[in-house]
Amino acid sequence: MCGIWALFGSDECLSVQCLSAMKIAHRGPDAFRFENVNGFTNCCFGFHRLAVVDQLYGMQPIRVKKFPYLWLCYNGEIYNFKQLQKQFGFEFQTLVDGEVILHLYNRGGIEQTASMLDGVFAFILLDTANRKVFLARDTYGVRPLFKVLTDDGFLGVCSEAKGLINLKHSTSLCPKVEPFLPGHYEVLDLKPSGKVASVELVKFHSYKDEPLHVACDTVETLPSGSFDLETVKSNIRILFENAVRKRLMAHRRIGCLLSGGLDSSLVAAVLLKLMKEININYPLQTFAIGMENSPDLLAARKVAAHIGSEHHEVIFNSEEGIQAIEEVIFSLETYDITTIRASIGMYLVSKYIRKKTDSVVIFSGEGSDELTQGYIYFHKAPSPEEAAEESERLLKELYLFDVLRADRTTAAHGLELRVPFLDHRFTSYYLSLPAELRIPKNGIEKYLLRQSFEDTNLLPKEILWRPKEAFSDGIASVKKSWFSILQDYIDQQVDDLLLEKAVEKYPFNPPKTKESYYYRQIFEKHYSGQSSWLPHYWMPRWVKATDPSARTLKHYKSAAQE
């Protein structure tokens, strides 16, 4: 996890522009570099480093003697870099996983490069010999990337939008900053003036397709075309374990978020098992957050005791949560209701990890709800086919919601997030299964995933079959959820008259509740006029919901009352 920033064709003084690069300093607390491009005095790179691999030669932009005309600034982890090196006979100059991007590009161009990378990444690749700039982002957008491109060819690129919104440019007072689409690469021509012109934007991978890099994966070839239940369950276990194993690549201490729900518990249990197998000589630290006696804290305690982790509990009160709202919205760069609610706990636990421990590489369970149909409203899906379509829509939009939350709340405190449920091969296999296999069964969501791990003894049975809790709700008590606490506070902060006039003030995605109005006010204070970053609010489907909280859904209420 690092912060990348680059400008091409700047009309303004670079020493002034580079102040914007400091807005993402939190992403890389270990080192900073600002470097001009030879022969292009108005082009430059900025890099904030979190040193996870190759402490000595890991600074960026990466340049190697073999390709003096290539400049690479990237944020991410390439899990198959050693396999690619072996397969193609690449001679590496450093121990940095990202160096493989230079070799792949030299060998087969940008399309093959992006398609062969097994990992999470956002990168800027400059080829001064051929006068090209390339941008690319991983399939699910686990690593963030924003860009601004003006009509006259000024390009700015950054890990977070906050590093671009105050850039100065002669022809535009407020250039449009937008997220770079996941699963795409863009080719731009670099002119002698340092300005650029976009040539093409290409989708290089669809999450339903088996990735090209399977050819150099470490896991054995799976039985294909068979949807026999035992075979499917075995394949799910093999691929999930493989997803966790490849993410153990780190020279810094590994930890794991543990809410006590199915997803984070599975990640923690498999992670600890694999750490023992490869003789990692420190205990796995797991981290849970909640209010006193919250369901998540109690469940996480059971899991930690079962798997034998060094468990940490972070207890916060309503005042601490409310005080964090503004800094959380600033970090997130969104005003989405459920994203903000769920981010408070994750932001506070990340703050604790950074201050009180030496864990830096943090595993988490993001992506499972979208992939395995874990949201409670999936019980209301009209058909397995519609449920499958909804699952794919959620995966496509992860970069706007849960993946955004997970990245920003951890990156705000200089931590690196790893999300095995979004492994390319695991997700493409799961999505290839018949729609009727993936739906909730017997009133239980994620039935197939739970079934697959039933006889492994990885988790206590009550955790393996624990019903879904929304993260923002699980951290509070059942009696009064976190969203109720928030609304009670916000009710005093937003006048009824303000809400009545919300459509006039905020015509795009107008707030419909006092809570959403409160968040929008804070967002506009920091990111005025940038409301289009969020195309729509996250809301459950097939139910008449006015609030995204799981606790407002009929299925949840009846389950809680039983």
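From the backbone N, Cα and C atoms, a Cβ is placed for every residue, glycine too.
Features of the protein shown, as given by TrEMBL:
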ACT_SITE  C2  active site, for GATase activity
BINDING   L257, I289, S364, G365  ATP binding site
DOMAIN    2-191  domain 'Glutamine amidotransferase type-2'
SITE      E366  site 'Important for beta-aspartyl-AMP intermediate formation'
Task: Cβ-Cβ neighbours of L257 (ATP binding site) (radius 10 Å) - done: 28
- [ ] Work out how many Å separate L257 (ATP binding site) and E366 (site 'Important for beta-aspartyl-AMP intermediate formation') at their Cα atoms, rounded off.
- [x] 10
Open item on the list: To the nearest Å, how far is the Cα of S364 (ATP binding site) from the Cα of the residue listed as 'active site, for GATase activity'?
Closed with: 18
TODO: Quick one: give me the count of other CB atoms within 10 A of the CB of G365 (ATP binding site).
DONE: 25
Task: Extent of the ATP binding site in Å [max Cα distance among L257, I289, S364, G365] - done: 15
Open item on the list: In whole Å, how far does the CA atom of E366 (site 'Important for beta-aspartyl-AMP intermediate formation') lie from that of I289 (ATP binding site)?
Closed with: 16
Task: C-alpha spacing of C2 (active site, for GATase activity) relative to I289 (ATP binding site), in angstrom - done: 25
Open item on the list: Measuring Cα to Cα, how far is G365 (ATP binding site) from C2 (active site, for GATase activity) in Å?
Closed with: 21
Open item on the list: Is it possible to get the count of other C-beta atoms within 10 angstroms of the C-beta of E366 (site 'Important for beta-aspartyl-AMP intermediate formation')?
Closed with: 29
